[in-house]
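Below you'll find the structure, written out as structure tokens, and then a few comments.
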């Protein structure tokens with residue numbers, strides 16, 4: 001068997017973190033384990049060493065396994081560019097754009113791709129921990145599903161369903177999810193996990209017993225709410241406006257550095273700012289109103305899957321004028337990827353938006369033109385005198401650069417990347433702030449521009465260690481709060497035979513049996 005699908009009752013139920021925790025727990029036992037998500041819909045992505053693009057959650061899960069990310073861990077990635085269209089990335093590379101309806105026509109071929117990719121991983125590893133997408137009970141999508149029960153059926157995977165108790169109604173979520181599945185799908189569901197519980201778990205005992213009596217399936221653990229888990233959010237639902245990112249430690253000096261990040265409608269790789277939030281004395285907030293910039297020291301304009309449309313949103317909300325005024329007062333602004341493109345004088349886009357040429361914010365003397373081919377690479381260079389690396393995922397490229405514009409990054413051959421003009425900086429590089437020495441120099445520069453002389457950048461923050469600590473915490477939570485013996489049984493033997501089948505999904509008016517054997 002050696003593989004397990006972790007599904008969830010909803011988006012943001014905790015599938016990604018539970019999968020990462022199970023990966024970490026298994027890896028710490030010495031097992032060769034790999035992550036897998038057949039289809040991910042996310043604008044949070046990374047570039048792999050093999051030159052492709054996958055969802056960030058699978059890169060984090062790979063790190064939990066002690067592996068470099070690979071396109072095989074996420075063979076299909078959907079990157080929404082609007083409410084109706086998404087870019088399709090197959091095995092790391094762009095494979096056209098689709099609408100929800102046109103995508104259905106590709107599902108059969110893609111199912112073959114994801115199953116064969118999973119088969120290869122299963123042959124090479126002791127265990128493969130698969131993550132579902134959204135909910136397996138989206139009955140309008142089941143006929144062409146390749147990410148949840150469609151994958152489980154095709155690959156013979158036992159399924160563990162995660163429910164988020166913090167939303168309320170977790171027992172209805174779990175029971176209803178199971179009951180909506182058809183009989184063959186229900187037979188693969190071996191149990192449940194309750195996630196994000198606050199308080200004394202003994203309060204749940206009667207509910208757990210009743211759920212087992214109703215479904216014939218146990219809850220294999222109750223994971224507590226963990227305030228210290230905040231890195232590498234998979235879902236855009238996690239980027240709440242006005243909420244502080246992470247759990248910032250007190251400043252090393254006498255002043256905080258306050259960072260505002262416009263929460264763009266099509267924000268991508270918002271996790272770039274998490275490295276800033278890991279620093280003592282740095283308070284990072286996502287914002288949607290210009291008034292929220294009035295007390296900010298630094299504005300970070302993040303990436304976007306729809307640069308021109310999100311630039312229009314900045315104008316519509318008044319944030320564009322507020323960002324210009326912020327920089328006009330000598331206060332620091334930095335743009336990353338799409339945010340960097342917005343800071344330039346002109347953007348010509350016949351690829352993402354098709355609108356042609358539009359004016360940027362005019363804060364960096366550059367012009368950007370979008371190309372059909374997507375740039376995917378993991379470059380290195382120097383910035384603020386420190387060695388740096390990062391990764392690039394973009395269609396827009398500079399086609400004109402002002403003679404006097406300095407680069408933020410200097411490439412090995414001496415070429416300038418990005419831009420730096422007064423208190424305004426920009427780069428196409430994601431992951432730049434994960435370089436510890438550069439991040440400290442950048443924060444010191446930003447504090448100087450903002451007149452925050454009392455802010456002192458910590459000299460001992462290692463973002464890699466912070467991330468590793470988060471993964472170890474996930475592994476600890478799984479080991480302490482889940483029935484790991486039961487998870488091993490699912491991995492090795494699949495879902496038990498004879499599990500009850502519930503109406504209406506299984507038909508009939510009473511619980512049926514999935515086959516011989518006892519409950």
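Every residue, even glycine, has its Cβ placed from backbone N, Cα and C.
As written in Swiss-Prot, here are the features:
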type	residues	note
ACT_SITE	337	active site, nucleophile
ACT_SITE	430	active site
DOMAIN	256-438	domain 'GATase cobBQ-type'
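If you draw a 10 Å sphere around the CB of residue 337 (active site, nucleophile), it holds 26 other CB atoms from the protein chains shown. Listed in sequence order, the residues of the same chain lying 6 or more apart from residue 430 (active site) and placing their CB within less than 8 Å of its CB are 46, 269, 272, 303, 336, 337, 390, 391, 392, 393.
In the three-state DSSP assignment, the secondary structure recorded for residue 337 (active site, nucleophile) is coil. On the 0 to 100 pLDDT scale, the domain 'GATase cobBQ-type' (256-438) averages 97 in this prediction. Under DSSP, residue 430 (active site) is assigned to a strand (E or B) in the three-state scheme.
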